[in-house]
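Take a look at the structure below.
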């Protein structure tokens, strides 16, 4: 059975890749077709991602566009771009014909501006062409940019029997029927039905009598992240998209939302780690450098700022040298506490659970950091006793560190909240940005407070 | 229309909460029921999360268990635990009757051991009881722990007409029909059908003639993260679960996978930020301290380690004091580079894109960090020129920093890979763990290398 091959057990082995490479090299088309026929398009995409460009293009041109169109959508973005460069506008248009409108529009949007029109003009199915052209007009970060035109739509005036007959035609074009959307004469969305409801209903009933008027929907210009939140919250598997006049335009399915959620999570994770742009472990050194170096330069400037601060205290090196030994510790604690606080706030903001007044949050964060800071300060004093450090110095170090921790927690908490209020993505604040500013601020505070206690 | 209320526009306002509180206080049950009837259960859960325990229990007891059962599943975990403590076993059993088997089992699993049996014994529907009891036997991190028993199943020997008639009954119990699973006489999964296929088929056809034998499935003991990967990769909205003998046991739907993906992303994000356990911004100070303090203590030990190292070089404070000014910078660079490298590897491991030999990865990471390190070293030398620093010292600082960056990148790359090979979650390596070890290692290397160059 082919089950075995399409199952969770699919493993991308070196043997398999070598086998494909050999078949491409010897141009053994028949065997190659036979071999790849067994695999799911997502698996073929994984194989192609491992081949060189020439081999991958060979395979794409060999297989039916019915299969390769889906393979193309699953490829790594960089590889897809290269492969599309090696296909003619006509060949790309043939792939497009096989894709659902949302995937088709995404694929075309990735092409260089000048090629887009050329490819679109070569699409033969006029309805498909018009729908894709419409989808290309929406911003990719909105519901319109994510939706597909494929859906099953019925008019409230139809009967159940007539409806079943008619949707057989519509349903063939739709990969999965989630909901049947009910519209009035003006194409306005007025409700929904499930196939199940339709099957369970008597065949002479009118749709108007059985449809459910309580339907969730999103506006076409809604932000995709908000669409994702709604669908996750209400456990929806598809949601219709309407325009300002409630006219039904398309639908968004949960698999697209899964992709949005994954991308969003990956982006936040990378920002927290000080990496911009959407890079992967297998990207080129140049791309990785572009994503990483700017944040390191930021960190470097922070470090150079600390050099300035410490230079100012050079005169106490003879009297209290130990303060200088503690600066990496102070910087680390300020950075760690700041990242913790900001990460919790960023997640809270993303999940809409940061409620209540700012004053309450401030009091809570101060309380929390006082507890943590006090515990850590005791450890520092204990350490000082063990290594036989001057007790006034130990006290000064412990108390200053505690203050640094409180300030770092407050910075970590309020910077993301302020960014969010100003409409800036708060995730940007969890990474090197918070670490760096807390490093400088922490070391400055440390010397000032220690100076007050020890007296220099 | 009630649309307005169930739509994206739902806003949890203080006015709404106060309105509910007032109705509870005045025991105006009729108005309260009328008000809450309009809202989706996920929205009611949000309202209840804002009420005090007494008020929340009042609302839960007032509404129909048909509605409150779903509300319970959407509540914040801590609040749910408190509310369940205030309900009798009989009352909980009534809620359980209304829930799908997977949600029911999850709810029972959260109860204290001794209450679980009591609640189960009060469930009246014997089939429901048996199914929940079965689900409770599976580990929560496996396909069995995630699946529901509700599904639509047909035998290959049935006709299309008979099938439609019979599944009308089954479908009523299933919230959403994704796929119809086809089994043989021995209840073994042999294929699938969609409702669409069934509607499009002639009514006298046998299921055996029209079913699709190519069906994805997972084994009951499969890890949930692997199930999530398969469903996301193949864009599945439901997947059947079978036992070792291919017997159909249940099915997993995509909305549960969305939750798994979100939890997984949140957990990785928190680990990277140095937070253990599943905490939220609104948890108590004690819970937040338990999740944060251990990582801070780890960071503190790292900092104290640096104190030891620097103490060893106290004798050069008079001759090259500037080295000490650069230690926070060195620690920051080592930490930042390590976090960047480890974050990219952790994401790559999660998405299965860390391929190729370890040697290639090593060469790439060295190349990348040499480029970044060189650029940063130039900036340090430039800074030295500007502040009029001794040029040998500047050179020593720049070269040592560059070496520290290369080593930090290697540590950040290989620690997660090694952890992953040993079956430990590599996400643990992105946070304070990498930062702390890189801090100590970096400062040690810095002094050793600077000593070699300057000569002390």
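Sequential numbering from 1, following the chain as shown.
Just so you know, glycine gets a Cβ as well, placed from its N, Cα and C.
Unlike curated records, TrEMBL annotations are generated automatically.
The domain 'CBS' annotation in TrEMBL covers B:147-210 (among others).
Taking the domain 'CBS' (B:211-267) as a whole, pLDDT averages 90 in the prediction. Annotated domain 'CBS' per TrEMBL: B:211-267 (among others), in sequence order.
If you look up TrEMBL, you'll see B:293-311 (among others) marked as transmembrane segment.
Sequence-distant contacts of the transmembrane segment (B:323-346) (same chain, six or more residues past either end, CB-CB distance under 8 Å): 268, 272, 306, 310, 313, 316-317, 354, 365, 369, 372, 376, 393, 396-397, 400-401, 404-405, 407-413, 415-417, 426-427, 429-431, 434-435, 437-439, 441-443, 446-447, 450. The transmembrane segment annotation in TrEMBL covers B:323-346 (among others).
Within the chain carrying the transmembrane segment (B:366-388), a Cβ under 8 angstroms from the stretch's Cβ atoms is held by residues 333, 337, 341, 394-395, 397-399, 401-403, 405-406, 408-410, all 6 or more beyond its ends. The annotation transmembrane segment is assigned in TrEMBL to B:366-388 (among others).
Feature annotation from TrEMBL assigns transmembrane segment to B:395-419 (among others).
TrEMBL lists B:439-455 (among others) with the feature transmembrane segment. A Cβ distance under 8 Å defines the sequence-distant neighbours of the transmembrane segment (B:439-455), meaning residues of its chain 6+ beyond its ends; these are 302-303, 305-306, 309-310, 312-313, 316, 320, 323, 326-327, 330-331, 333-335, 392-393, 395-397, 399-401, 403-404, 407-408, 411.
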Statement: Sequence-distant contacts of the transmembrane segment (B:395-419), meaning Cβ under 8 Å and at least 6 residues beyond its ends, amount to 322-323, 326, 329-330, 333-335, 337-342, 345-346, 349, 354, 358, 361-362, 365-366, 368-370, 372-374, 376-378, 380-381, 384, 425-430, 433-434, 437-438, 441-442, 445-446, 449-450, 453-454
Field: Residues in the domain 'CBS' (B:211-267) grouped by DSSP into helix, strand and remaining coil
entry: 24 helix, 16 strand, 17 coil
